[in-house]
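One structure below.
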Amino acid sequence: MAAAAVAASFAACCSGSSGSSVYDVSEEKTNGTRLARLLVDGGTHVLKKFLHSIHPPATLQHVLNNNFALLQNLKTRGKIFDGQWQRLFPSSGDPPDSQTFDITLLHLLLREICHLVQPVTGWHNMPADTDDSREANIVRIKCFRNELCHSISTGIPNGEFEDKWNTISHSLVALGLDQQEIDRLKTETIDHDTERRVDEELRKFEPRMQTLEQELQQLKGDMSCIQRGPISEHTATRELPNCLPDEVPDVFGRSQEIQQAVEAVQSGAVSIVVITGGPGFGKTTVANKVAHELAKPEYCRSVLCCSLMSKATLKDIATSMILTCSKSHSQPPENPQHWLLNWSKQQLEKVTFVLDNADDVLESGSRDQFVKMLREMRALSSQNLTFITTTRRRINAPSSDCTIRNIRLTCLSSDEASNLLLSKVHSEETRENLSQTTKMVSLCGCVPLALCIVGSLLSDYKEDRLIRSLEKEPLDVLQDDEISVENAIKTSFDLLSQTEQEALAIMSVFPGSFDSNAAEAVIEAGIKTGAQPIVRILRSLKNRSLLEQPSSCRYQIHQLIQAFAKKMGQTEASRQVLRQVEIVACSHFISRLADNANMYWSKDKCKESVEAFNEDRHNFEFFLQVYVEREENRDQEILDTCETSFDNFLQTCMYLEKCVVPRFYTEILQRLLKTFNSERQPVYRVELLCLLGHETRKEGNQQNHARFLSDKKDPKENERREQETETALEVCREKLGEHPETAATLLFSGIIAKRRKELNEAEQNLTEALELFKKLLGKHLMTAQCLKAIADLYFFLGRGETELDKCLAHYKEATEMFEYLGMGASKEIALTLKNFGSRHMRKGNFSEAMNLLTKANRVAEQELEVDHTWKISIKTALAILHEKMRNPDQAKDVMLEGLLMGKRLDLSIDKMGNKEEIREFINRYPETFPETEFTRNVRTSTGRRQNCGFSGLGRLRQEPHKPMSGFGRRGPSVQSSEREKALEVIPAETQAKNIEFGLGQADSSSPITGSSSQHFARIQDELRTLMLKTKARNEDVLKWIDKNVSAAATKEASFIRALVTVVCEDTMDRGDILQAQPFFEPSYENRENQSVLYPDGGHCKCNIIRLKDRKHLLQRYIGDNTDLELQALYAVQALFVQLDHPPGFIKSYFDSFYDEELVTEETFNVWAVLKKNAAKAWP
């Protein structure tokens, strides 16, 4: 009947006619519809076609895999959404289907992975009318599409329609769309009226259909109850109606817990369902949804909701329950508990009590009596009564006749947390403009209450400001009217004993999860627990949902509870205790690190050792930094506490190198090197220098490698290593016998012999090493590396298929061992995968080779530095494979990426392992790899190679204002000699004047007055104190600037010069000039005495690792502003003069600023022109 009514009404509606006013509006909306079809259908088609012309569908998956790190970074920054990510990397493992890409995703891929030239107006602004480049046309399509989507109406007047149609059509035709297809879209009939009338008619009938469905469900429920038993007077009159609060409309991420609670109640076997969780985790909300679900007719159950907030006595609780279940009581009976028991006997139906906020009674002395009353009520009702409670504390069953089901609420998933936060942002415009949702979700710890507050605050606060406040004072931000996360936590905190409160504050020193041993160590150091066992304290905190237990014997404090605990410990006495506790925690994990290192060198313990590190990785890394920081501050207490843990210092460092990423490892070693005293700890310093030299060699930083070796006072070590290796091998065999160190020496000796082409000796030593490793260490990282070395040798021999098969077998065994050890995605496997893939490529197994090289590339991108020699080796091999698989465009892109990385590392083609294949490759594509930039190393008549590196970028000197194609916005590295000539042409005695002249050009409209100069001098002094003396982190420096320097002042030239000067002082390797005085702090009144700050002699060069750490300070305030970039160069120039012209200083910092994309090529050219003008102005 309903369907017939809809059909009849629809027919009547369709037969009606529309008036002239409707016709006018319909014409404008038709314009909008036509324009939308042109943009969405036509725009998507041409952008997809353009993408396929660069990366065909057959190779698209490989392109995306090669750019995995880049795309993942964009996703982290909120530029790629989850739905788009699923299209790029389907969870099913299938290749991506470009037919599902929309305009937004296509535009992102074109600008990020297709090496297009950015339009003058950028990728997100409408290009100038005169710009008819393909990139500009791509941006026009995206801008028009965004404008149309954000319009408040689809109606477009005829005149505006014609202008936009012509502009968009021109761009589409320029990108390849057929003009006839465009003309057809413009004239094709579009009937909006019928579609509109159908939609309106269906909307009218939708609520009627919903009403019919609800009535049908009610009828089914009543029939079900009738079928279950005879109709009684009680059933017919329904004396016990539901008592429910208003239903919460939307709940995110709790469907599983709600279903568990409903099923537990409906099973009939559970007496009490306890919904537990931390403060603000949404226990009441879940109970609300469970109550409304159980109240549906099909469950044949009455549901009574009762709040127990602030009720701690049994009498108060019983009274509240009576007022909920009985309409006849305006006043409670004299004995409410007895009344409830009698009432329970009369219940012939299923009844569920929802007792919300039962914390007070469960923390009181009436706890056992309360649980006993519920048990008795259920027994007297013949199990018709069931209870649901919400509490932060678990309830355990007191006896076998009472079944209690605890359902614990944890943090929401990231996706559900994002949905909840966005649901509380009531402005659609605000919601669409949010770009840092993921970060806000993280700062809220995925706690529902915090997410609700932040979502509502976004209508009053800008996104960036709210994030800064959450980072600084989360608990102060997370409150809205009467709702407060801090108050929710405090409610639970106040119920703890003093010992439990102190223990919670002490355990807040851990940055993440920790085990019971670590907890015991810090609690015993911080408080006197008396007779109370520490395990009992942990259990109590866990039962009150203040301590989470992610796995057996491991605990974790939620970040918001951790912030609360730290806030409670702000008294001087508390801070002193926490400082002592931090030392104990540091000593605990440094000692465990040494123990893990010892375990690592035991047979078949490598995997266990690595897993032990990974489980507490965050703690090891955090407390290593704490240790180094305290060493830098000469904290004698921590030196004494941890001294014995470094008895096997070299062994511990070698183990650490296998467990952490290279950047962290190198940073720790460099900071330790500064703290170790040459006289007191000479052995440690030599070992550190060797380790650092080895790391920088792997990275490809030849300059630092040489420096570390020279600092070791043994510049000829490389020349003598062959002799020393033989001597070491003799000593190991004589003194150690069968020992891991003997095996390691044999491995190293075999590799050296292979390089000398003593192949029989190499094979003998490597085979002996493998036997020893298997015997002494079993399945171990060293065993896997020895297998790789043998595989490398067989490939090097290359005598035939037999050697190649042996080679592949050894690589396979090595990779399987890496996987077994849990290091299948670590940096250690990268070269093995690369070599394994290269050998498969040699054998013609291109598909297997692509899988291996792609994985090697992904591992390298995730685990290694931005520029690293291993990456070059992997990328060049991958490029050669792409060419063999007939993907020349992809091959050229990957090869170019690898060779440009070599330029940045000053690594010539002649020094690359596969140099011959690279030379042959680039010879085939001279237009992409011109000889002026990538030399072919042609032999001269004398037989010597000529110019084995990269050429000197002569074209850049010939066309200084024209960026080179194919290198993005910044182009290739500006030749350092061109930069250094800037100062060579200016006499030394006039350089200070020239610098003043240059600085004076920064802003002629606002000259620096004496007072403003003094102001910025004070700022510079404060920055020196923060960065040089206290070694403040970047976050702390930014906080100080935000608090003490106005936004307008940060854009002034004097501020940029002050900031750049201090960053340079903090990141320079000062040679001999500052060894005696690592930090200087002249006041601005005595600034004329520069000799104190910059003593004569020695050299000063940029330490690129420290600059990488500090560079986002400069990026934050310089941005892409050419004038401010110019001020950065003036600051370096001024510092150069103040340091008395140390050789290489300008080259070092200008190269580093360029490589780190702090200063553009254009700015260097402007600086050079101003330099020449300055030289003329000051003869």
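Yeah, the Cβs are placed from backbone N, Cα and C, and that goes for glycine too.
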Where TrEMBL places coiled coil among the ranges 556-583, 584-611, 752-779, 864-891: 752-779
Candidate ranges 202-229, 230-257, 678-705, 1070-1097 [criterion: TrEMBL lists as coiled coil]: 202-229
Tertiary contacts of the coiled coil (752-779), as residues 6+ beyond its ends and Cβ separation under 8 Å: 601-604, 606-607, 721-722, 725, 738-740, 742-744, 746, 786-787, 789-790, 792-793, 796-797, 817, 820-821
Mean per-residue pLDDT computed across the domain 'W2' (1009-1179): 76
